[in-house]
Amino acid sequence: MISLLGYLFTFSALATGGFTLSCISCFSNLSSNGSCTGNNVTCPSDYVCASSFMEIKDLGGVNIRVVRSCQPQTMCDAVASMSYSGGRINTGVSCCLTDNCSPAYPTWPSNNSQNGLKCPTCIRTNSSCTPSVSLLCTGYENVCGVQTINSSSGVQMFYGCATGAFCEIANISMNASRVSKDFTYSCNTTPAGSVLECTSCFVSGATSCKGSSVFCPQGYVCASIFTKTATKDGETVNLIRSCQPVRKCSQYGTMSYSGAKISFLSKCCANNNCTPSIPTWPNSNSTVKRRTCPSCSSNNSSCTYSNEIQCTGNETICVSRNLQTSGAMSEEEAIRGCGTTSLCFLKSLSATGGGVNVKMNFTCYSGGSILRYGILFPFWIFNYLLQTL
């Protein structure tokens, strides 16, 4: 099995004061089902249960490594990957918010369509390498990446195609099992095709729209975010098309408030001005939960609740959403109710089209405490995983 490539994201919910969870703590280097068993540990206040995954595919088969633990402020439901001649590594994290819960195995973005980028590729496990062949990049891997590992046993190098999140790591030094290793990550941001152009537009009451073409930030892809609102009077669908980071692809979430239910679903593609597919909406789950959440709606920046609603299905957390439009159309809407945790990780969306600017923000709560989400590279996870190199 080859040595480690890539990195893992971790997540937490950091509140101003609130709950304490019990989570399972364990590590497995040869997990067959993406799980492991271990002791229950009491987390620091307002930490959550997280599983960090690394799926390594090469000619030797598939190896899954997993670390389960309590985690502080970082970001959940994030994924990254790197492909090279003969192999690929997917990395990601999943989280859950109840005692000793088992986070779900990540859904890796599946897109094998060539995206027009070619990257030099080579692998050397005991020395440096000079690429002599190119790899045709696919899907969301729209940058050329290099990983270099320096240790007492020599130099290991990997060249190939990577997602934009790969570029955020830079340099890391680790010590594990009396072995010192220095990791260096770099990306080539100049090849044609490494930056996409995507359509940016917004439409209400339709599943397609046209707008201006904009250049995306490095590593972003073209995304369509569909919003379906169901009330007693029927259903309406809105659409935002814009550049989005890969972690916001293939996301699904719902939010319920007094008299209505909103569903959010994202689709992505990785070619210039491509059009993501129209989604098929999953069936709703009406199983009643113990949690209740404040519920209200208003045409202002916030709303004041006077009642609570019973949460159902996968809506296990209290959520507020603020929607702002400006330009040719100006309005504001605030709602509060029950929601899925995926909305916490989606966090915000924005797009411009037809003279209209649209911004949507989600805030998650546990009781009266605001849950905040950020990014933190999990250095401690390498201390586990490097012992297996």
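Backbone N, Cα and C define each Cβ position, glycine as well.
Annotation source TrEMBL lists signal peptide at 1-20.
Sequence annotations record features per position, and here TrEMBL assigns domain 'UPAR/Ly6' to 21-102 (among others).
Look at TrEMBL and you will find 115-188 (among others) tagged as domain 'UPAR/Ly6'.
The domain 'UPAR/Ly6' annotation in TrEMBL covers 291-366 (among others). As a summary of secondary structure, the domain 'UPAR/Ly6' (291-366) carries 5 helix, 51 strand, 20 coil according to DSSP.
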>> Based on DSSP, tally up the residues of the domain 'UPAR/Ly6' (21-102) by helix, strand and coil.
In response: 0 helix, 52 strand, 30 coil
